[in-house]
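According to TrEMBL, the domain '1,3-beta-glucan synthase component FKS1-like' annotation covers 336-449. The transmembrane segment annotation in TrEMBL covers 492-511, 531-550, 562-580, 592-611, 657-678, 717-744, 1497-1519, 1554-1572, 1667-1688, 1770-1790, 1802-1826, 1832-1853 (among others).
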Amino acid sequence: MSRVEHLWERLVRAALRRERTGTDAFGQPITGIAGFVPSSLANNRVIDEILRAADEIQDEDPNVARILCEHAYSIAQNLDPNSEGRGVLQFKTGLMSVIKQKLAKREGGTIDRSQDIARLQEFYKFYREKNNVVKLREEEMKLRESAAHTGNLGELERKTLKRKRVFATLKVLRSVLEQLSAEIPEELKRMMESDVAMTEDLVAYNIIPLEAPSTTNVIASLPEVRAAVSALSYFRGLPELPADYPIPATRHADIFDFLHYVFGFQKDNVSNQREHVAHLLANEQSQLSILEETEPKLHEAAVDNVYKKSLDNYIKWCNYLCLQPVWSSSDAVSKEKKLLFVSLYFLIWGEAANIRFLPECLCYIFHHMAREMDEILKQRIAQQANSCSSDSGVSSFLDQVIAPLYEVVAAEAANNDNGRAPHSSWRNYDDFNEYFWSLRCFELSWPWRKNSSFFQKPKRRTKILLQTSGNKRQGKTSFVEHRTFLHLYHSFHRLWIFLVMMFQGLTIIAFNDGRFNSNTLLELLSLGPTFVVMKFIESVLDIVMMYGAYSTTRRLAVSRIFLRFLWFTVASVFISFLYVKALQAQNRADSFVYRLYVIVIVIYAGFQFFLSMLMRIPACHHLTNQCDRWPLIRFLNWLRQERYYVGRGMYERTSDFFKYMIFWLVIFSAKFSFAYFLQIQPLVKPTRDVVKEDNLQYSWHDFVSKNNRNALTVASLWAPVVAIYLLDIYVFYTIISAVWGFLLGARDHLGEIRSLEAVHRLFEQFPSAFVKHLHAPLANRTLNRLSNQVVEKNKVDAAQFAPFWNEIIKNLREEDYITNLEMELLLMPKNSWKLPLVQWPLFLLASKIFIAKDIAVESRESSQDELWERICRDDYMKYAVEECFYSIKYILTEILDGEGRMWVERVYEDIEASMKRRSILGDFQMNKLSLVISRVTALMGILKESETADLEKGAIKAVQDLYDVVRIDVLSVNMREHYDTWNILAKARTEGHLFSNLKWPRDADLKGLVKRLYSLITIKDSASNVPRNLEARRRLQFFTNSLFMDMPPAKPVREMMPFSVFTPYYSEVVLYSLSELQKKNEDGISILFYLQKIFPDEWKNFLARIGRDENALESEFLDSPNDILELRFWASYRGQTLARTVRGMMYYRKALMLQSYLERLGSAGWLRGLSNRCDRKAFTVLLMHDLDISDVEAAVSSSDVTDTRGFEFSPEARAQADLKFTYVVTCQIYGKQKEEQKPEAADIAMLMQKNEALRVAFIDEVETLKDGKVHKEFYSKLVKADVNGKDMEIYSIKLPGNPKLGEGKPENQNHAIIFTRGNAVQTIDMNQDNYFEEALKMRNLLEEFRRDHGIHPPTILGVRENVFTGSVSSLASFMSNQESSFVTLGQRVLANPLKVRMHYGHPDVFDRVFHITRGGISKASRVINISEDIYSGFNSTLRQGNVTHHEYIQVGKGRDVGLNQIALFEGKVAGGNGEQVLSRDVYRLGQLFDFFRMMSFYFTTVGFYFCTMLTVLTVYIFLYGKAYLALSGVGEQFAVRAKITDNTALSTALNTQFLLQIGVFTAIPMILGFILEQGFLRALVSFITMQFQLCSVFFTFSLGTKTHYFGRTILHGGARYQATGRGFVVRHIKFSENYRLYSRSHFVKGLEVVLLLVVYLAYGYNEGLSYILLTISSWFMAISWLFAPYLFNPSGFEWQKTVEDFRDWTNWLLYRGGIGVKGAESWEAWWEEELAHIRTFSGRIMETLLSLRFFIFQYGIVYKLDIQGNDTSLTVYGLSWVVLAVLILLFKVFTFSQKVSVNFQLLLRFIQGVSFLIALAGLAVAVALTNLSVPDIFACILAFVPTGWGIISIAVAWKPLMKKLGLWKSIRSLARLYDAGMGMVIFIPIALFSWFPFVSTFQTRLMFNQAFSRGLEISLILAGNNPNTGV
């Protein structure tokens, strides 16, 4: 039993008590004291230990417990006498009440406290004697020596745990005694001193016990660890430390002590980094494969590797700034000095807090501190460094070095107005860091010159301007994130120049009818002015975008910007002038100007091409570097491209360059062919005809269309084509990348095993593939292919494979994916040498014996060869027959003796002789085989049970029956040949002693063989569908498929690369509580009931595992604490909880322990196993063929080696696993949750107790008194579970202030990354999962860091994800398929060939040392880095990293499953991409990538969202163009005159847009991914099913989400983290909730499209089906946007729900709200929230300009009214405004505030009535006396509705002005009316469909079809008919 199992029952009871009575997971009342000591008490750790000891001994001696509590109280009182710290008063009060309770429980009498010390002394002796501590330790040591051999590891674990608990209590008693009394008896003192040595491993440590070496943790005894620790020790040359410097007696002084003393680092930081550096060195040593020595010594190469990697960024920084590093030559630095430098760097990094985001700032600090250290070393006197010393003489690195930096960073962060301030007005992390990219940073001096402008803090923001202190404050550095779409051009100007020039060139060719002549050439030469003008625009943007950073940017960089501006100004003027003159020349061929122009263009183009070759093509980089020594070339390169610290050397090897160049050339050829032949060329003739037309009669008052060749008409024709031209390149990229990704996947063997049938068919190849890839390398596995040797090799492979396969199967059972029977069928035998064949799992052999028997019976007339040939057609049938044959022989031989064994040998010799004679069918009666099988079955059935006297008799009888059947019924051989033998047997049978000496099978292996044989001959049903569970199938299919994929060979665990897993957590669900599982929603559905229906097979397996009947009642569960806890875990493992993530990630440790355990046993016991247990013949064969020792690894023949029982308890295996794997969950507010006694805190503590290697990091807030004021201090802490199930604090590192200055998640990661270990770190989100079988491949994945992946080594390893939430609903399926497509096929292409894969979240594996020395694994600046993860990919690439992608390993991932969740998530991502557009990272990548990588980067990041937005804008452009043609009357005239509007170009453009809209092109990767991994037919069915489930509606709706948030973020900002929630979404979403979420993003835009379509239908010139064909895509988009939220809403069309929704919506709409009212409660509050993003003047201008489009409707429609006749004067339009004003006035009259009119209600009603009558009369008179018709009334509505919305939109943009004018309330009333109207337009169709019950049924089927296919009773769930009376 592990320590977890030992405490399991107690944990279970405790968790249940917390459910029922409000106690925490470890038995402490929530109102209790222990475990809740406030962090504001400095010695809270000591107090907590005392109180825990008091709890421990309470039952044994309450008096002593009382003494301990009183002592704890006195400590607390001394620390904070006035109880001013946070929580101190409550703690003291609670502790005092506990003491009083203990006093009250005493039986009479007063307490004599003078005897307390004596009581303590006596109790110490008593407790010691009671627990027999000496014997306890001796027993543990004996067990430790023998456990590895006896397998008694569980007992060892229990003894160790008990000893730790006893000595922990003794340690507290000793400490209290020493504090209470100075006089302790000598005898007791000796006892206590002897006990001290036994409590050394109670000192808190993380992985390696350095402070107090542990005898129970063997990690410290590993040779590599001892070598690393030895290397860090004090060396000759280090100044001697002062005598009073405290060094623990348990270790020697080392270099960290020296650095601690000199620079004043924090003690826990020193301890943390001591372990960190030792860990790095130890693992580097182990990876060198150095043979073990008696006294291990750290190899020079190990030190050098760590030194170079850790200080690589510092060295590059020095080279960039032309600085001399602190050492003159790296080769001349001694090993000790290198360790000193590495240690110093990591100590700086470990205490830098938020400054870790400034890697070059850390280089600056290290540079100066290393110089200081050198000076101290030269003086040979240990003294405190000046830079870290304060005026008071106290040395503190944190206060003197980090705090000044932190304070100015925090001041700037505080000035961003919670992310609402413009980025240009405050300095972010990048601005601070980039200050250190120039020599100017040395102006800061050392120690810091704090009066520098760099350290000047800004004043708090005002509402108008950002005020600074004395105008000395440092501004932005080198880049300003202005909020504008112009960044897209600025960052990717080469793309836009290329597209514009190609469009211009293709258009010129098209308008010249494809002829190439001198005129065409002259027009094509106009590309020259186009190019220089666009470059001029870029240079102007350089100047504009740099505004705000000129004062701090290097003068050289500013000079470059203005030089480029000057150059392109002159060039554009000069070249344009030459071109104009060339055009004006009459004889162009002889014109000097023309020739000069051509020469200039050729020279300029040639020069640009030459520079591009030098700058961009990898093959020319060497030449570039050579030429860079020439001043002219260096100047030109500098002028062309700014030189940054990052972004240098961003090129790939030539072969990679040509691969992605060819990829893009294919795309370009397809794109421009499409553009020329289907877009541009068809428009040439219509354009010419439009231009020629004149005398057009406009139906409105025309302002701009006279004498301009119908420019607006031409624009309306060309605008959609231009928009399609700009976005269709992404369509072609999607298609080509999908095909390329498909081919890459096929090449990599993806999808070769895609069914259970394939798993069965290929299973015999799995062992060899497993040994080849996943097993530690075997030296010589190749044998001559003789049949017996092949069997030997296969048996070796099978024996190596079996333990791992079986562990996979057992884990599937523990996870409840398979049944007990399926587990037995899937398990693989050990394959010992007892049988001369490979034993396969039973699921492959099931029912094969019976089929073979039938074949044998049917083949009586056939020959033996024919029979064997029929059996061998099925390999597994052959294996089953052979195994039965040999198993029966072996079992009978083992259990029988004397004559019995003689009979067995005789029969088998006869069978073998018959087979040689090929007369088996004649010598044996095959029709009697069934009798033999029945007798063997009876015998095995008895032998598999435990031995009893009756069973022994039965076994003898069964053998006798078998003898009789074989002798009488089966054998037909001539017995005369062996007459004597048969005579002896017959005599023995007659006398009854033939089988009397039967030996019952007691050996475990033999017993297992008996059970297996019994199963083999009794299972009649085929196991072809085992396992049944779809998830189990998928996992096994993927794992077995991955065995044949290309992956690096695995190294032994000892030599593998160490890694950490890192999970950020805030306040999400850790573990579902029983109340949460039982709580019912409005439909009566609980989470538990839902899970039972979603996972019915897993629920049954769970009940079977805990021993419950399927019909068990809920009350029965409540009576069993163990079952309740199991239930909570079962449910939590099916949600997106932290518990699921932790379980999955801890599989890494379990896998490493198993691998290490088997490797260790293999290397230690191979020969023993062979000699003791191996068949001597097999042993001889192995030796004859020189099979290497590692070929057998002892797992072949020794059950000790193949037996994996207890591998989790092996100290050596655990030590190796802990040295290679660390798991840190950074629970940011865990400390706060503990103080508030939140259930999440108890659940996290339970996870730590359940997983001993789990570490939790958190930020602890401590309130202290400073100068009479409460001051908050922040600590970064790391804890683990102690022996009592409480938190044991390992490290506590003080921070300079609140660490949350930027985005929360990256700041959370940053504070805890110092606690990670190893060379790699895998970032895992808390909605992820992992699988044991995938954890086995982690060693292989980490070897990718050493593989050749290009010119740059890998820095991020991309990992495939499996989305496990796809089966919940159709929406979840769409999201899952979309996500799976991107994380597999999409990222496959990004990595190869495009070389632009970034980091898109989790679960990528980072080169840890590379990233922590370069700013971390994410960026944290507020808002700009809201998509924090992708910036790590940007940063890695810019710093010469390389991001790869690998698909032989997968990690589970949860996704959002409801439409609202999905929309919020997509909104967050789109907003994040909008912020990326503004970022310096995207700008630099766009500038510094070569052209083709830049294209790849653009279209796979921000370009995707821009193209998505352009897709939607294309619809608007087309429809507004059609509206112009319809309303102006021009369209009808053109159609009548020339029939030109119906042309191929527009049709093609619209069809392309339509396909984009419905997601066909964007679905191509999904389709090809399906085909690759599921097969063509299944892929086709899946795709058709998705179409029936309306996936096109979903993807079209997603277009709107992405467009809205991407565009709004760039225009106004407002991107923020959206907490989508990760629960199970089956509840009905109210109408009002959907309306609030989608009103502005979808509904308004959808209604606008509908309005345009109606206008086009009403006033456009349409013939036949042309309107339908041209607008069907737009109608589809509009309907999708309006109704998708309700279509995908559970119970969206149920009548009762609809009625409730209407009531709720009207209440929300009419509730006026007020201060503090949320948007979910009141329309007014929601409306104010919706307007919050419009804050800036530029934003108001943009909103105003965009809103002007709504006035077009009124202007066009009023001239179409019958009442106006043919009048096109402005009077008509003016009168329309008068009518609109009257209508608004009437609206105001009827909505006049009742509060204001309370005193004249009658007058108001009179006025309202009269107004209504006058309006009605006026309308009637107008209809009667004028030409006003009823259609005109509807037309007016069509005209005035958009105008009113336009007025509202402009008014809200200028909200402050409206409030000043007193118009805001009127605007708000009008807006409410519009929202009411829009809501009714959407609600009425929903209400109509709700009338029909079948619609609701259809919708349920549509949403949950996949669940139905798996037997899901979703209709029952949605109906709320919950028969869940039993669990």
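FYI, residue positions are counted from 1 along the chain as it appears here.
For all residues, glycine too, the Cβ spot is worked out from N, Cα and C.
Counting Cβ pairs closer than 8 Å and at least 6 residues apart in sequence, the transmembrane segment (1832-1853) and the transmembrane segment (1770-1790) reach three or more and so form a contact. A contact links the transmembrane segment (657-678) to the transmembrane segment (492-511), because at least 3 Cβ pairs that are 6 or more residues apart lie under 8 A. Note on the transmembrane segment (717-744): residues 499, 503, 663, 666-667, 670-671, 674-675, 679-680, 683, 686-687, 690, 1384-1386, 1388-1389, 1392-1394, 1499, 1503-1504, 1507, 1510-1511, 1513-1514, 1517-1518, 1521, 1541, 1545-1546, 1549-1550, 1552-1553, 1556, 1561-1562, 1564-1565, 1567-1569, 1571-1572 of its chain, located 6 or more positions outside it, place their CB under 8 angstroms from a CB of the stretch. For the transmembrane segment (1667-1688), same-chain residues at least 6 beyond its ends with a Cβ under 8 Å from one of its own Cβ atoms are 1370-1371, 1459-1460, 1512, 1515, 1518-1519, 1522, 1546-1547, 1550-1551, 1553-1554, 1557-1558, 1590, 1592-1594, 1596-1597, 1599-1600, 1629, 1631, 1634, 1637-1638, 1642-1643, 1645-1647, 1649-1650, 1652-1653, 1656-1657, 1660, 1882, 1885-1886, 1899, 1903. By the count of Cβ pairs under 8 Å, the stretch nearest in packing to the transmembrane segment (1497-1519) among 492-511, 562-580, 1802-1826 is 492-511. For the domain '1,3-beta-glucan synthase component FKS1-like' (336-449), the model's average pLDDT works out to 91. Here the transmembrane segment (592-611) has long-range neighbours at 525, 528, 571, 574-575, 578-579, 581-582, 585, 636-637, 640, meaning same-chain residues at least 6 beyond its ends whose C-beta is under 8 angstroms from one of its own. Counted with DSSP, the domain '1,3-beta-glucan synthase component FKS1-like' (336-449) comes out as 83 helix, 2 strand, 29 coil.
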